[in-house]
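Read the structure below first, then the notes.
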Amino acid sequence: MGSLLLWFLLGSEIYTAFTFQGLAGYSYSKGAAGFYNVAQNDVAYAIAFLVLPCIWMLGKKFGYVTQADFIAHRYASKPLGVFVALATALIMIAYIDLNIEGLSAIFRILGDGAISPALGNVLAFVVLACAVFIGGIRGNAIQSVIKDLLMFAAVAALFIAVPLTFFHGFGDMYSSFTQRIPEYFQLPSAPAPKLGPVWLISTVLVTGVGQWMWPQWFGTAFTASSPTALKRQAVLMPFYQIVKVAVLTVGFAAVVALGTGLVGNDVVMHMMREVFPGWVLVLIAIAAMLSAIVPAGPIVMTSASLLSRNVVHALKPDLPARTVFTLTRVLVFPLIGAALVLTLVAPALIVSVLLVAYAFITQLFPAVIVGGIFWKRATKQGVLAGLIVGWGVTAGLMLSHHDPLFGVNAGLVALVANLVVFAAVSVCTKPSPTAEDVGSMLRGIAEESRVTDPAKSRLAPSST
């Protein structure tokens, strides 16, 4: 998969219903706290430039298909791979949930009050499950190009139309922000008094580090044509940030134009209905639906693959490959069904759902990056102990309503505890013999880059 297609595929998985609908809803409901997400991706892309080529190199060398394959081999422990696969598959249900929330909001607004939240969620489940069951990773890559182009057009149209419809242009819109809702641009802000500067910084760290811990992005990295393609996409991905700033602005405009009584997840669709005629609204609704449906493909299929390949097949290795493949497809429905139950039982802002998921998935950072790539002394006992502590602290703080804790994102508090336990236990236990030397890995990446990039090959020094 080349740089351009990879750029669209990664962008499609990162910029989902969360971006198209969730960010506007978060700025509408929480104010300036929503800007954490712009900074998050800047941190994440810097990490991607350094880390994704290493993941690609390891995947090529050892034939990894999933993140759990990498964990199991690196720490010479199939049980650890099973544990990580099962845990991450469960965490990914929250990621599926936000896409159901996004689709449900579209159906409710298009139904003009005739569709209840519960019915909207059920319709979203049906559409999402059928789309993912039929689609695949390569089909998703092509769909990603279409979805992103439509999303860019929809956001641009909305960003231009809002100030012309509700204000007297961009200048008047921004003046209205400073005059009528200045408290929305402070940290902490009036609508989110607990989310101050410390929360924003800690959340940027948690989400920036955690972005590449999601298992579906391991699969995407493995399908890249070369480490150079991954580096190029890391450089080009920040162009997507323009979309985020535009969507955040629409959320602030909605506070002034529509008041504060709306459900955050519905704000973008409400603004579109006010701004555009019916036929345009339908076209933009299609773009919004694609922003939820297309990214769900690799997310759900990765989760299903983790369960079928790294849990069921690992426990029953005599299962035929065809059975494992069939099980992967069948698991699509219970996984999306579990996300539907979560949506019905605990409805929440799309961004809030994802922040909870990030707090948990970020706990893989010591296992995947610190020990997986850079620290050969890391052990399976250290990884397991660190994960249990990290996930336990995260759950404890969130269930006791201590997120943030003294202004700090609960995920960062848990990650610090995780790292301490991970390092302490690793030092006291025997390391596995399967750790890769970082130097040789980097030399391999450089060699692959020369092979796949003729210009670099010509510039490379002669071996004679």
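The count begins at 1 with the first shown residue.
Every residue gets a Cβ built from N, Cα and C, even glycine.
What TrEMBL says about a protein is an automatic prediction, not a curated fact.
Annotation source TrEMBL lists transmembrane segment at 43-59 (among others).
The feature transmembrane segment is assigned by TrEMBL to 80-98 (among others).
Look at TrEMBL and you will find 118-137 (among others) tagged as transmembrane segment.
Here TrEMBL flags 149-170 (among others) as transmembrane segment.
Feature annotation from TrEMBL assigns transmembrane segment to 196-214 (among others). Note on the transmembrane segment (196-214): residues 14, 33, 35-37, 39-44, 47-48, 51-52, 55, 92, 95, 187-188, 355, 358-359, 361-362, 364-365, 368-369, 404, 406-409, 411-412, 415 of its chain, located 6 or more positions outside it, place their CB under 8 angstroms from a CB of the stretch.
Residues annotated as transmembrane segment in TrEMBL: 235-259 (among others). Outside the transmembrane segment (235-259), and at least 6 residues removed from its termini, the chain residues within Cβ reach (under 8 Å) are 3, 7, 10-11, 14-15, 19-20, 23-28, 34-35, 37-38, 41-42, 45, 48-49, 151-152, 155-156, 158-159, 162-163, 166-167, 173, 176-177, 180-181, 184, 267-268, 270-271, 274.
Here TrEMBL flags 279-307 (among others) as transmembrane segment.
Marked as transmembrane segment by TrEMBL: 327-350 (among others).
The annotation transmembrane segment is assigned in TrEMBL to 356-375 (among others).
What TrEMBL lists as transmembrane segment is 382-399 (among others). Away from its own ends, the transmembrane segment (382-399) comes close to residues 71, 75, 80, 83-84, 87, 356, 359-360, 363-364, 366-367, 371, 405, 410-411, 413-415, 417-419, 421-427, 429 of its chain (Cβ-Cβ under 8 Å, at least six residues beyond either end).
The feature transmembrane segment is assigned by TrEMBL to 405-425 (among others). Residues 194, 196, 198-199, 202-203, 205-206, 209-210, 355, 358-360, 362-363, 365-367, 370-371, 378-379, 381-383, 385-387, 389-394, 397-398 of the same chain lie 6 or more positions beyond the ends of the transmembrane segment (405-425) yet place their CB under 8 Å from a CB of it.
The stretch from 80-98, 118-137, 149-170, 356-375 with the most CB pairs below 8 A to the transmembrane segment (327-350) is 118-137.
Within its own chain, the transmembrane segment (80-98) is flanked in space by residues 16-18, 22, 66-69, 71-73, 128, 214-216, 296, 299-300, 302-304, 306-307, 309-311, 314-315, 335-336, 338-339, 342-343, 350, 353-354, 356-357, 360-361, 364, 367, 380, 383-384, 387, 391, which lie at least six positions past its ends and keep a Cβ under 8 Å from the stretch.
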